[in-house]
Amino acid sequence: MNDSQRVSILSEALPYIQSFSGRKIVIKYGGSVMENDNLKKAFFRDIALLSSVGVCPIVIHGGGPEINNWLKKLEISPKFENGLRITDQKTMDIVEMVLMGRVNKQIVKGVNKTGSLAVGISGLDGNLIQSRELGDGSHGLVGEVTKINPEILDPLISKGYIPIISSIGSTMEGISHNINADFVAGEIAAAINAEKLILLTDTQGILKEKDNKNSLVEKMNLKEARNFIDKKIVTEGMIPKTECCIRALAQGVKAAHIIDGRIEHSLLLEIFTNSGIGTMIVA
């Protein structure tokens, strides 16, 4: 890349930097980006850059592969049903240990190495994420969000800290739940009136044709997103991600993005370029 191209990129990014300065952007961090060292480093730098230009990033993470690794070490067989982890108390203990004590702190350290200041918390801190058992409770301690109490985030964000949040919630009685990180991100985005919700995934975004990489939908509205689900154009693991975006938008989030986390700096490409890199859904 020559100097002229670098200047052109900065020039293209400037209006977006000005527009989003001081705005909150909630980012769900997951998928391959959590397992590849180069992608992790690029993500940490992207978060640092967002913060340095005045954007307020809030990162929500899961940690499925790391949880599975630790279950294997402890000779516990992971069990899934309809894409959801069956979570008994022994598994929940591992989930809490891995997400809160290991994955969360690895992300915090990665961001802090860039010179930014990240703070790791979970949904238990400050009663941030209140939850209940999902559905009929057949998945055990898998939960769904009942309420977000975002007050704990305000002093962190106002002082320039980057919240890194693990997707564990609890009941008022103190029973912990393992919650899908996409839905946690969507609910937190709505609760803090975020400008954007961005889901990093292992897909390009929403495709018109499942197996056609050239059929990426770059922009769609709520009605179109719902139609894609109803007509089964969106299938399998993309259904909950799309539903999460729809719910966040219905609660006031201005835009939701599903982007390919397998591409280095996809976060910056989506936010700061004219063409973007994934699918943007707007109300």
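Using N, Cα and C of the backbone, Cβ positions are placed for all residues, glycine too.
Listed by Swiss-Prot as binding substrate are GLY63, GLY64, ASN178; the candidate from ARG23, ARG85 that the record includes in that site is ARG85. In this structure, the C-alpha atom of LYS241 (site 'Transition state stabilizer') lies 11 angstrom from that of LYS28 (site 'Transition state stabilizer'). Apart from the site residues GLY63, GLY64, ARG85, ASN178, the chain places the Cβ of GLY62, ILE67, VAL95, LEU99 no farther than 8 Å from the centroid of the site's Cβ atoms, the recorded substrate location. Cα to Cα, ASN178 (substrate binding site) and LYS28 (site 'Transition state stabilizer') are separated by 15 Å.
The shortest Cα-Cα distance between LYS28 (site 'Transition state stabilizer') and any of the binding-site residues GLY63, GLY64, ARG85 is the one to GLY63.
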